[in-house]
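Engineer: Mind having a look at this structure? Questions to follow.
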């Protein structure tokens with residue numbers, strides 16, 4: 001535990017323990033530690049009430065105090081500290097109607113979603129494992145804490161979280177947990193699409209997205225999602241490389257349903273990237289991309305198109321994107337900004353004001369430079385413009 005986040009969490013725990021409060025590291029940080037993975041967040045849970053936590057430290061912020069969470073910034077890294085709690089009824093199948101603060105760690109861990117997330121750890125490395133989460137980690141199983149039906153009825157988003165962990169960790173969802181997911185699928189209608197998109201983003205960025213897709217296809221879960229998944233065999237070939245746009249593009253491509261992007265509240269930029277990637281996929285299906293095609297679309301778009309194309313073609317080309325990237329980098333210019341001249345130069349050379357002619361002239365120069373017919377040199381472009389383009393105009 002030499003990482004600064006772990007050190008900060010340990011100092012927070014030490015300070016709370018000095019005041020006779022119980023405090024432990026909880027949740028995903030413990031799971032990732034046991035898996036040998038780097039934890040994104042190292043959170044602390046404590047028997048101290050929020051006001052008691054604030055009294056222990058000099059610098060705190062109320063980031064979710066109604067749920068018992070205080071951000072402690074006394075040390076090198078900020079640490080979220082949350083009071084042990086139990087939850088009231090979940091009438092909206094998403095958030096508890098009330099939060100009840102308790103002094104018992106066991107009561108706090110009982111409310112968590114899956115056994116692998118319901119462990120706690122002390123700074124000395126001792127693991128508190130009341131629900132056999134460590135055993136499930138070894139068995140590579142995702143299992144709900146306690147009554148699975150209750151867990152998914154409380155928060156239907158846990159259905160997608162289970163799928164996401166399966167995709168991220170390559171774990172199997174335990175049979176009773178999976179059946180409870182299917183039985184509770186109708187509660188997904190209560191979940192905001194924006195929140196569901198966050199989970200799909202994480203699924204698509206994962207190493208094994210097909211794990212989640214296979215658990216959705218032909219099940220009650222698919223009924224309550226906007227858009228079915230198709231071509232599971234192709235999803236198994238897809239390598240998303242940590243890029244969620246690859247997943248969204250592939251979902252649209254395999255279903256022909258662009259409405260998915262609106263249904264899940266994708267941003268305009270995300271929609272643009274998907275649209276461009278689909279165009280590049282069409283180009284790749286026809287053969288090697290032209291120099292102008294390479295120029296027109298960003299490297300990131302070609303990465304998406306290459307990954308999707310490799311998944312749908314019988315003969316995969318592992319070096320497809322690397323070859324495209326090398327060809328793109330070999331172009332004389334990578335963007336309009338690298339052109340040796342500007343629109344102002346053209347107006348100065350002609351004495352004309354801006355207008356449609358200016359855009360046409362610039363585009364003509366760019367095409368000739370990219371295609372290698374004209375060097376990206378100011379004087380050479382000027383000479384070409386005065387003789388060639390003026391004659392064409």
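Numbers run from 1 along the shown chain.
The backbone N, Cα and C atoms fix where each Cβ goes, glycine too.
A TrEMBL annotation is a machine prediction, not a hand-curated record.
It should be emphasised that the depicted structure is a prediction, and the values quoted were computed from it without experimental measurement.
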Engineer: Looking at the ATP binding annotation from TrEMBL, with 28, 31, 155, 158, 161, 164 already listed, which candidate in 103, 112, 122, 193 is the matching residue?
Structural biologist: 112
Engineer: May I ask which residues of the same chain, at least 6 positions away in sequence, place their Cβ under 8 angstroms from the Cβ of residue 112 (CTP binding site)?
Structural biologist: 27, 118, 145
Engineer: Minimum Cβ neighbour count within 10 Å among the binding-site residues 28, 41, 43, 158: which residue?
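Structural biologist: Each of the binding-site residues 28, 41, 43, 158 was scored by Cβ atoms within 10 Å; lowest is 41.
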Engineer: Across the domain 'tRNA nucleotidyltransferase/poly(A) polymerase RNA and SrmB- binding' (170-226), what does the mean pLDDT come to, as a whole number?
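Structural biologist: Taking every residue of the domain 'tRNA nucleotidyltransferase/poly(A) polymerase RNA and SrmB- binding' (170-226) together, the mean pLDDT is 94.
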Engineer: Tell me the Cβ contacts of residue 31 (CTP binding site) under 8 Å, same chain only and six or more apart in sequence, or just say none.
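Structural biologist: The list for residue 31 (CTP binding site) reads 116, 117, 119, 133, 137, given in order along the sequence.
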Engineer: Of the residues in the domain 'Poly A polymerase head' (24-143), how many are helix, strand and coil by DSSP?
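Structural biologist: Split into helix, strand and coil, the domain 'Poly A polymerase head' (24-143) gives 34 helix, 34 strand, 52 coil.
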